[in-house]
Amino acid sequence: MSVVTNTTTIGAIDAPSRRNTELALLAFAVAIPVFAYLNVGLALDGKVPSGMLGYGLGLGLMAGVAHLVVRKFAKYADPLLLPLATLLNGLGLVLIWRLDQSPRLIQRAERLFHSHSADAPKQLMFSAIGIALFVAVLIVLKDHRVLQRYTYISMVLALILLILPMFFPAVNGAKIWIKLGPFTVQPGEFAKIIIAVFFSGYLMVKRDALALASRRFMGLYLPRGRDLGPILAVWVMSILVLVFETDLGTSLLFFGLFVVMLYVATERTSWIVFGLLMSAAGAVGVASFEPHVQQRVEFWLDPFAEATLQQSDQAAQALMSFGSGGVLGTGLGQGNSDLIGFAANSDFILSTVGEEFGLAGMMAFLIVYGLIVERGVRTALAARDPFGKLLAIGLSGAFAIQVFVVAGGVMGLIPLTGMTMPFVAYGGSSVLANWALIGILIRISDTARRPAPAPAPSPDAELTQVVRP
Amino acid sequence: MSELTLTVMRLGFLAVLWLFVIVAVQVIRSDLFGTRVTQRGSRREAPRAQQPARGASAPPQQRQQSGRQRRGAPTKLVVSEGSLTGTTVALQGQTITLGRAHDSTIVLDDDYASSRHARIYPDRDGQWIVEDLGSTNGTYLDRTRLTTPTPIPLGAPIRIGKTVIELRK
């Protein structure tokens, strides 16, 4: 026998678990924020910031725990979701810490509230709780199909969460918070996950009726009247949210999510057309008589007008900060995005990104968000059960719509709405809800990528199908 | 802190951020390519080649192709239809086994293929031969079902279930 060299084996790909890829990327995703932290410290004080070791260790520890839990409980999960979310969360912490140092914001806080408290430690705590929630989701939720049992319960729960803020006083003109003792919670953030569960459970059962029982009219499939019921109900609900809570973002998020999921479930373009028409009609209708919304539209149309600047120069300052950032940015800690004042580290945090990282950094940020959405859609494609498919699409769709609504609002593409940029912006509810969302996506992707049960022990015993001429 | 350091850090940060994005995109590249090619070293292969139980009869004497390569001899095997379409294997004098068994050279993910379906090997003159290993649905060269080991003309399609392979230069 001669020794054979260079033999090649070719087989269909078997899914590797890719946990080591995840670990390497995770280390990278922790290193970048630490570098940014150092950068901020050097730019602001000219010395290495004292909290750097603690901050880096804290972030690294949280990421490490999350990784170990994924390794143990979701071995075949997507390798990218966790590092991407960690990177965004870490950079968000750095940006919030950077804005905490801003003399302008400190002065402003002391003038208005007679005290200034740093937000970064609180956000670090929220991130830790968020990762704990992520871990809890992975440990408790062994199979995402369990959620299917709670279809209608989640509908009721989502409705309650959406309606609840109406009974609490408005904060800054929008009623999206509820006060529980010392904490304020933004229930809309959690409602987006719960309502995605309801939509997937509902559409999984009704998709055939919605897709097939329709009449053709002018190239469009018109659904039957009774099938229009649910979409009308969701539309009315989102309009009500808009009218009573004056929260444009949440209303847009829910209606957009429903249209996306309807389209995915039924493959009918007519739903998109209907959805766009209805949301346009609703938005125009509400904007014509609701003063808060009307004001937002005016700010959007003409941010530099005298009348606008007298009331709020936020939108104008945000646009100016994008402009002063240019292509490569001013560098961390060297921008003036703190001129935005109120909500500089929550709703408007993207303008700090745009100013200090420039267009190049902004694009990288948006690509990271895009990659999270892409992994979600990819999970939906790979999922084997229809509920998991719809849920993965719903969650990544909600994530994508939220990023669009916030980024579009800050950049002046659409009227500004009171929503937070997932993971980056300051806000406990948002961080918690988004970590839970990533947890569910990781659970679905683990089920989707897990190799099918091993074939019979002896491959020779497998039956070969016989060709019958 | 000097202006220069800060500029370097600013550009360095952007570079690192983009590096992360590029690495992340590299990780998902595997979504686009369904097959994985593993090079097996000679050391692992040597004992395996001595197991006569793998085929119906011991594989014929294999020799290195050096000096034996005739003009017009095929250099690679190409899968032109089926789930492995586009896969190529360099022909270097080794026996190629085809089938659903996991230790085949080309693992066919094909319901109509047998575990050990066929093998392709060079004879003493370097002519490539295809032999059916008693498969259920048969191996076809052009349109004819193989009953004996048959020399493979260049470019002739060998059909196994839904998979078609051919030898090319």
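Each residue, glycine too, has its Cβ placed from N, Cα and C.
Here is what TrEMBL says about this protein:
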TRANSMEM  A:23-40  transmembrane segment
TRANSMEM  A:52-69  transmembrane segment
TRANSMEM  A:81-99  transmembrane segment
TRANSMEM  A:124-141  transmembrane segment
TRANSMEM  A:150-168  transmembrane segment
TRANSMEM  A:188-205  transmembrane segment
TRANSMEM  A:226-244  transmembrane segment
TRANSMEM  A:250-266  transmembrane segment
TRANSMEM  A:271-289  transmembrane segment
TRANSMEM  A:357-377  transmembrane segment
TRANSMEM  A:389-411  transmembrane segment
TRANSMEM  A:423-442  transmembrane segment
Can you name the far-off residues of the same chain, 6+ from the ends of the transmembrane segment (A:389-411), with a Cβ under 8 Å from a Cβ of it?
144, 147, 192-193, 196-197, 199-200, 203-204, 249, 252-253, 256-257, 260-261, 264-265, 300, 318-319, 322, 347-348, 350-351, 354, 366, 369, 372-373, 375-377, 379-381, 383, 417, 419-422, 425, 434, 437, 440-441, 444-445, 448
Candidate ranges A:81-99, A:124-141, A:271-289, A:423-442 - greatest C-beta contact count to the transmembrane segment (A:52-69) (under 8 angstroms):
A:124-141
Positions on the same chain near the transmembrane segment (A:124-141), where near means CB under 8 A and six or more residues out:
55, 58-59, 62-63, 65-66, 69-70, 73-74, 89, 93, 147, 427-428, 431-432, 434-436, 438-440, 442-443
